[in-house]
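A short worksheet on the structure shown next.
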Amino acid sequence: MAVGLAVASEGGQYNGRITSFVILSCMVASMGGLIFGYDIGISGGVTSMEPFLKKFFPEVYDRMKEDTKISNYCKFDSQLLTSFTSSLYVSGLVASFFASFVTRHFGRKPSIVAGGAAFLSGSALNGAATNLCMLIFGRVLLGVGVGFANQSVPLYLSEMAPPRYRGAINNGFQLCVGIGVLSANFINFGTEKIEETPNSLIQRFNDEQKAKTMLQRIRGTADVEAEFDDLIKASLVSKSTEHPIKKIIQKNYRPQLVMAIAIPFFQQVTGINVISFYAPILFRTLGLNESVSLIMSALIAGVVGTASTFLSMLIVDKLGRRVMLLCGGVQMFVSQIMIGSIMAAKLGDHGSIDKGYAYFVLTMICIYVSGFAWSWGPLGWLIPSEIFPLEIRSVGQTIVVAVNFIFTFIVAQTFLAMLCHFKSGIFFFFGGWVAAMTAFVYLLLPETKKVPIELMDRVWRQHWFWKRIVEESDEKTKMEPA
């Protein structure tokens, strides 16, 4: 018999509880985040390792070791080196569109399996790479894996979770990103335990009895009529939607479309991938040696990031999404301004920064990473996965993943050149974007905590700005002839 925490029925809530089945399924699915985290950790570390640079990027290695006249900020400025990092995101972008088709027509599970298989193939090829072509091709396969996983896993988690605890369960994806260096092999091992969500069973097979049985199993109660009825209604609307891409650009879906573009865009222009990909390079720019740079990078990404994401899981369904995004934004903004100010004042084009100031910068980077890891990191995946109605859910998540990959690629491809030209100003650049996104959240993002995923349209109708757009669309629909 499934055991779990009781979920009391209240206004707008369904009956049910967190069962052991849901916990196990979501833990396994969340491991899709491991492949993303694993890649970030590996690619960020090796790009500053001298043996790796000497073998695959000898020009960068020679410049770092022998060119004493080049600026500290320009030692790693190489389009070939950034192509190694960003090639994953180009392939991930393309793969996310194929993943949308697979997720919609074949279910969430096949997408997760395909992502794991592609990532394992890319890992094997990268591990055996003897030249740059093998290295880049392996990165492309890794991108396919990440594209499929990022498209399907957040949807799976949000659909399986009870509304009251959806935030904590979905944030498990980001937690697994933080500990991704453990292993990506759990993907293929664990997918045998993943069942389809009730939403997917209804949408794909029209098997209402099987879907109801699954819903009763994951909620831990037989009283699921209210939620099941809403799933049936959502499925009927979804099946009548032949062209979801045309559907999502309609005016009544304007709030969801804006969030599908704005949230992943803002998530990337926080500058977090600058830290994730190039932290060892930044630390070497500060004058730290290779070993210390790698240790500090691992400490910040592994300990600070993971601990902060775990904290997010505990508080997201209590504080709500808006409060966490606003507080995290302020934390990131202040730390970036402090980092930029110290580097502008104390680090020139040559030489190194005093040890005391270097460790102050490291402290500020820890505070910055923490701010991202408990706010925009997990919530940047949670919020988009819970706001789409079923008829546009798959294509909506594809837009989220595509925008994420596009701007991850742009930031990764341009950062080393930007660092060379902007120097310490790079942190003021990203700090400005953090200020803009914090204002965006304050003005335009409604609170979604504890709202059932099939009733999420209510939050837009109650928002001071979006309700006018949605109501205007409703009026226009009523006036159209049947």
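Keep in mind that glycine also has a Cβ here, set from the backbone N, Cα and C atoms.
Taken verbatim from TrEMBL:
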DOMAIN    25-449  domain 'Major facilitator superfamily (MFS) profile'
TRANSMEM  21-42  transmembrane segment
TRANSMEM  80-99  transmembrane segment
TRANSMEM  135-157  transmembrane segment
TRANSMEM  257-279  transmembrane segment
TRANSMEM  291-316  transmembrane segment
TRANSMEM  323-345  transmembrane segment
TRANSMEM  357-383  transmembrane segment
TRANSMEM  395-419  transmembrane segment
TRANSMEM  425-445  transmembrane segment
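Through the fold, the transmembrane segment (395-419) approaches residues 73-74, 76-79, 81-83, 85-86, 89-90, 92-93, 96-97, 99-100, 103-104, 147, 150-152, 154-155, 244-245, 247-248, 256-257, 260-261, 263-265, 267-269, 271, 273-274, 277-278, 281, 285, 380, 384-385, 387-388, 426, 429 of its own chain, all at least 6 residues removed from its boundaries and within a Cβ separation under 8 Å.
Ranked by Cβ pairs under 8 Å to the transmembrane segment (323-345), the stretches 80-99, 135-157, 357-383 are led by 357-383. Along the domain 'Major facilitator superfamily (MFS) profile' (25-449), the predicted structure has mean pLDDT 78.
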